[in-house]
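Novice: Pulled from TrEMBL, these are the listed features:
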- A:27-47: transmembrane segment (TRANSMEM)
- A:70-95: transmembrane segment (TRANSMEM)
- A:102-124: transmembrane segment (TRANSMEM)
- A:130-152: transmembrane segment (TRANSMEM)
- A:159-181: transmembrane segment (TRANSMEM)
- A:187-208: transmembrane segment (TRANSMEM)
- A:215-237: transmembrane segment (TRANSMEM)
- A:273-290: transmembrane segment (TRANSMEM)
- A:320-337: transmembrane segment (TRANSMEM)
- A:349-366: transmembrane segment (TRANSMEM)
- A:373-393: transmembrane segment (TRANSMEM)
- A:399-417: transmembrane segment (TRANSMEM)
């Protein structure tokens, strides 16, 4: 798929070697396939939508600023977006033949146009609530983002965290029970963090002290937590649902002014405490990881533990406590299931989201901000499936259920290119 | 600062790595610690640096007995170390590496990178290093990385500085510069421990020399001692430092490489338009400082590199793009750089390792079944022929010493019908006796009319073995010169200067 085209001669004394430009056809081929796919779906499948319109509702009824609905003629929009897609695919091919890299913004614009074309086609004759689409995206992303943040911290310190799923589930369970008994969601949140830390302790002890393969410990922990919580759910919570499984939920807090921003305001600023807490967590972790002593040491033990050891950093101690911290953060995400969205614990209610969070860590290249964006993308894909099934789209529901996972596979496997994990990720440190 | 080690003993299981070692380093002295690989030099220094705890003995600094629980304690006491494998984090900047472990922060907890940059600048100006504090370590050449290690130690006010095999990765010119830096540090009152097995360097820079062998101090020497005296002290018997060989009987052009390029994952030309040929019956040594494309060039010859352009022809047939299996079948023998990783399966027996690349057919495998009897006879014969010191052919390869492991690899490769032998770093980490043996076998192979390529970073080995020398620098061949070329010229070529009077080939 790659061919060599040109060489750049090095100037003497420069540390970098001369490089060649390899034509990578990956992006161009991907765009072309999606352009053809767009043509097939929007235009050919959409021939019978001629004369229909697709409506995008841009405001909710309680918004201060009311934007009018956006009404697009379905077939015309499909044709226009299809033409745009082909133009962009052709351009990417032209760029590639001229041995340049297809810029990221082109891929992003392509994705947005594809999405508009897709939504217009899917919403033929009906209405898509755009603010609702974004609100749902945030709702579904919160546990993913907490999970991804925990994953980033743990893996940056050199311990692969496959146990995110188990930490989420443990957090959801204990927060439901504690919040039900005490009637205080904040105590539930603390309990969730503690549960996450306890799962982390096991992961850390086995992988750091006893040098057991980290992936295996993680998988086993997930199964263990599923078993434990399911057992207690059916033996304790179900019979005593009123006392143990009706947690007080976090109240919705509208932030003045910000929550009135059209389209995005409701999604971002009419949320519960736990979501605002998440914004702070993302910012603090990003700052901490790259601008503080904590972050420098954390990254050093994940990259080159021996080097950290030789400057007097306790490698295994640093790893242990940061894996524990990661568990606490993932635990918060678990609490969101019971205290933020659903309102009660249920068997296996995390439904594999921990693994999607793990994918977000990799897609986000072990960077808290990028991992957050990746988690949002996955959340959007899940929510799109919800919205489309509600408005009765022509896409089979089984196919729509696959969507988040298809997006995950594409994102992680192909489109990101090679991402480099922390050098000592997954490797125990033995003196 | 005066450093004294008194009766340091360190054992790993049954192995006594350090046996009551006494060592005194006066303030402002360069003290060389000389010994073969595996003599216990590095263990001793790791004890000094707090990485290992000694079983017995004490470390005394300026008359005060020290207790080091870890490297942090050793550093606080004023001991710094420039490690053989640099202890730098490749994705961090110079300043971040220097500050790691004793970071300054402001009230908000934000790292004070400015202070770290200033410190790097200040120390690097003092020694004329010209190092950019914001450069990423992975972008810096190894010589510069070593200077970062020195800055790192000095930024902690190290008064005793340990250099662990510091010249292994340097060009001869960089080595000279390092010697100058060491003298400069000595002038400033720093005590220096210089660990090495290279005699030339020791005599040039050391004030005193302590020789250790098999974990024990076997003697002290002054820098005026001759190479032969030092070598026999180090090895424990008289040694032959030169390789005996006759004039080559040159045959046809066997291997022809034209315009070979290797492109790595970061799209760099790690081998840059390389052309050379090897005649039957000659040894072509590929010299150069480690990391200048030698490994990738050899991997390209062996079919181990994914992106290769150009032509490789052995006796008229093209090898490029063939699988490793086909290349081995074409009669290419290969002694890899890292024998424990690529040369052997440590958990297999000596016998199994001797047939490792011949598992595809007769005589070792018939009708899909291993011919155990044949293998045993074959293995016994090779063990005798190559003087492999093992308890039996069923001993695990991982239990052999480095020299004997290398003999297993050589025995395996040389027992096939060869049209080309490729040996990379064939004597790295071996004791002097094994080095002599390996060199003899390589010369014998050449005298049998087989073309030989040897990759080596050790100038002694290069000059000893070569009929012709190709010097690599940054992926290209600087020039191909006769084996009699003086060391000073080779040294210059390793820094990219073409040899006087020759055309640059690359």
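Any Cβ shown, glycine's included, is placed from N, Cα and C.
What you see is a predicted model, and the numbers here were worked out from it, not measured in a lab.
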Novice: Near the transmembrane segment (A:27-47), which same-chain residues lie under 8 Å Cβ to Cβ, leaving out any that are not at least 6 residues past its ends?
Specialist: 1, 74-75, 78-79, 81-82, 85-86, 88-89, 92-93, 95-96, 102, 107, 110, 114, 117-118, 120-121, 124, 394, 414-415
Novice: Same-chain Cβ contacts of the transmembrane segment (A:373-393) under 8 Å, 6 or more residues past its ends?
Specialist: 122-123, 126-129, 132-133, 136-141, 144-145, 147-148, 356-357, 359-361, 363-364, 400-401, 403-404, 407-408, 411
Novice: State the residues, same chain only, that lie 6 or more residues beyond the ends of the transmembrane segment (A:320-337) and have a CB under 8 A from a CB inside it; answer 'none' if no residue qualifies.
Specialist: 142-147, 149-151, 153-154, 156-157, 159, 161, 164, 167-175, 188-189, 191-201, 203-204, 208, 274-275, 277-278, 281, 285, 298, 345, 349-350, 354, 357
Novice: With Cβ distances under 8 Å as the criterion, find the stretch in A:70-95, A:159-181, A:273-290, A:349-366 that has the most pairs with the transmembrane segment (A:215-237).
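Specialist: Checked against A:70-95, A:159-181, A:273-290, A:349-366; highest Cβ contact count belongs to A:159-181.
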Novice: Considering only the recorded stretches A:70-95, A:102-124, A:130-152, A:159-181, state which has the highest number of Cβ pairs under 8 Å to the transmembrane segment (A:349-366).
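Specialist: Maximum Cβ contact count belongs to A:130-152.
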Novice: Pairs of Cβ atoms less than 8 Å apart decide it: which stretch in A:70-95, A:130-152, A:273-290 has the most with the transmembrane segment (A:159-181)?
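Specialist: Maximum Cβ contact count belongs to A:130-152.
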Novice: So if I exclude everything within five residues of the ends of the transmembrane segment (A:273-290), which remaining residues of that chain have a CB under 8 angstroms from its CBs? That is, six or more out.
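Specialist: The answer is 138, 142, 145-146, 149, 152-153, 156, 185-186, 189, 250-251, 253, 298-299, 329, 332, 335-336, 339-340, 368-369, 372.
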Novice: Same chain, outside the transmembrane segment (A:102-124) by at least 6, Cβ under 8 Å from its Cβ: which residues?
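Specialist: For the transmembrane segment (A:102-124), the far contacts come to 27-28, 31, 34, 38, 41-42, 45-46, 49, 52-56, 72, 74, 77-78, 81-82, 84-85, 88-89, 91-92, 95-96, 388, 391, 393-395, 415.
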